């Protein structure tokens with residue numbers, strides 16, 4: 001044990017004197033800090049957009065609350081009052097557009113994941129949801145392609161390179177520097193010396209990762225105490241990932257080749273695991289299992305919508321009432337009832353189809369998942385985005401929330417529409433509480 | 001003498017087991033990327049064409065109805081998969097692939113492949129482009145990092161010089177020797193890729209051969225730039241180890257770090273609005289008028305007066321034409337006008353962002369070849385915009401035709417449900433088709449990237465010319 005500490009402290013002194021190490025560490029720290037700020041910038045941008053949408057929604061709803069109290073004996077107030085109290089809206093304008101936002105989870109800024117591919121808010125009224133969620137966010141596809149320079153990127157891509165740079169001349173450096181025979185004449189075995197040297201380097205990498213990670217929490221203003229489980233899970237994954245690369249480089253060192261060849265081999269391993277295998281997997285899976293043609297869904301909805309309009313009203317209502325017995329079929333000729341009933345049919349059809357597509361997509365992604373272990377970089381990135389709640393799954397969860405919220409609103413609206421009633425001031429208060 | 005050097009370089013390289021292995025791996029990867037990529041591209045291409053014609057069939061067979069109902073029923077436009085996208089998939093996985101075209105509304109181009117995949121997609125797809133842009137330069141580094149230092153370390157440099165060979169000639173010999181090695185790997189596979197193109201590809205894109213040749217030349221220049229750069233650095237590096245470290249560092253910065261940093265920076269320099277703001281601006285401007293002083297009801301009233309005056313009548317009922325048809329088309333055109341002006345703003349922001357990375361090609365040749373390659377493969381932002389335009393123009397044309405029919409033939413006094421047209425009307429709308437931009441357009445769009453590549457080539461030859469005689473022989 002004493003020798004170990006002795007070697008460690010000696011190796012540390014040697015390492016610390018080399019300017020290469022300092023430059024390397026500076027570059028990685030610099031990249032890490034840039035990544036932290038970049039992540040914060042992106043999340044702040046998303047949060048700003050969310051705040052903007054929410055503010056607009058509140059403002060709009062507040063005017064409804066004012067309008068409902070207007071004195072309708074004045075002719076000028078009548079239209080506004082109608083706009084506030086009519087659940088079916090006035091003319092072709094719907095009563096109100098609600099927004100549901102996908103707030104950034106605490107550690108989103110550390111790993112932006114797939115969040116940039118999807119909208120972080122949806123706006124919808126109580127007509128069919130199917131046609132209202134077919135929106136994206138305005139984004140430069142070039143930016144989506146090149147991806148985000150966040151902390152997870154630094155860890156997944158650049159840390160392995162740091163490991164390669166620290167390890168490639170672990171043995172060859174001594175041999176080519178002429179110090180190998182000196183080492184061999186020491187009482188400690190060469191294996192012990194090399195192991196200690198490797199251990200020290202691993203400790204440096206771990207320490208650096210920890211420092212950057214803690215900095216990430218601090219600089220992004222995320223509380224560590226409040227997210228303690230997340231914090232340690234992240235840290236564990238990072239440590240494991242660095243250890244994996246250390247072991248891989250251990251094999252390279254064990255081969256005892258020249259420094260140049262070891263560096264090339266290290267880089268080769270890096271290329272294989274971070275670039276080549278994921279790219280090959282994507283190539284094969286995309287070629288083998290093309291994605292479903294989702295335009296089919298829009299077509300189905302428009303087709304049903306077309307039928308709803310072309311056929312007599314009973315076409316819709318005869319299907320609607322048996323499935324929604326809570327709405328009493330008193331009047332089957334009323335336009336509004338037919339109109340709103342038709343949206344339920346559209347959504348039902350669309351959801352069934354959507355579930356089918358999702359099944360297809362899941363099957364395809366399961367194929368990618370099955371081979372994920374071949375691409376540890378992709379695997380770790382996926383786990384980190386899972387932990388940070390920024391993966392595709394997190395967006396699907398959000399879409400589920402949108403569906404639930406839409407249904408909740410619909411229940412409130414339909415209760416009035418199918419009784420032919422208007423909103424009272426209290427109704428609007430209830431709705432406001434659900435914003 | 002130059003030939004001798006070239007021959008020697010190639011022979012040494014071919015005998016090196018490390019290069020045999022890495023070259024072999026590259027060739028296998030290239031073959032896989034090209035063959036599987038072509039297969040996948042063809043499959044997707046066929047599927048989209050099928051979807052497009054199936055949707056047109058549905059349009060034709062929608063039954064008899066009012067022309068305006070048909071405009072609501074709408075049509076679809078599918079983005080054709082560009083033939084050369086199997087060489088460079090570019091933005092294709094991140095842009096939407098189809099758009100629903102209907103009355104009153106400009107829908108978004110939706111359903112990108114990336115949205116339907118898990119995080120793995122973000123690691124890119126193995127294509128010829130990835131190999132040629134990122135991996136082949138690495139092979140060049142392995143070929144050249146000790147091309148001078150090794151001779152120096154073994155003392156052969158002095159010997160060669162004593163044979164009466166000028167250092168400039170030696171330098172060029174090493175450059176051309178390495179370059180020929182690179183071409184040896186590059187050209188056979190590129191020829192194979194060319195042979196994979198068939199009549200169908202030419203039907204899809206008439207300029208495919210020209211694009212292919214330009215693409216090949218672009219890469220040929222890029223490789224020469226990289227070879228020159230590496231040989232130059234290796235000639236002046238103190239040791240093989242240092243030269244390797246420097247070259248690998250450069251490679252990591254220019255192929256891995258800078259591309260990401262450049263794009264992210266561009267996004268900060270030229271911020272874009274959100275979808276919400278964009279849609280809200282359009283809605284507001286349609287309602288209040290583009291200048292804010294011409295609200296929709298006023299516009300409608302003045303149009304009404306104008307039409308009444310034109311036909312010399314005083315009420316809508318007396319008009320010989322259908323007022324709703326006229327009003328609807330006018331509304332459509334006003335929205336289009338607002339949409340165009342707002343959309344071109346967004347487009348301009350994105351183009352500015354992309355232009356930053358085109359200019360960055362002068363600092364980083366990788367960016368130059370990346371942008372050029374994407375453009376020629378038909379998978380860059382310009383192509384996406386071209387498709388969006390074509391689809392939108394198609395939408396406007398068929399909606400206009402429906403509105404016009406309503407204006408002229410749907411006589412006043414006839415109920416909405418009582419005026420119907422059918423198949424003949426639907427068939428008068430040609431199916432959507434879209435021609436990819438020509439090679440000339442693409443090359444002129446990409447003048448920055450092309451200039452950057454040529455700039456690099458010239459500068460490096462110039463530097464080589466000046467500094468080659470100064471290479472240390474010891």
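Quick reminder: no glycine exception, Cβ is built from N, Cα and C everywhere.
Keep in mind the model is a prediction, meaning the values are calculated, not measured.
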Field: transmembrane segment range according to TrEMBL, out of A:120-140, A:267-287, A:288-308
entry: A:267-287
Range among A:94-114, A:178-198, A:199-219, A:325-345 that TrEMBL annotates as transmembrane segment: A:199-219
- prompt: Under 8 Å, at least three CB pairs between the transmembrane segment (A:20-39) and the transmembrane segment (A:199-219) (pairs 6 or more apart)?
  reply: yes
Field: Which of A:199-219, A:231-255, A:267-287 contacts the transmembrane segment (A:151-171) most, counting Cβ pairs under 8 Å
entry: A:231-255
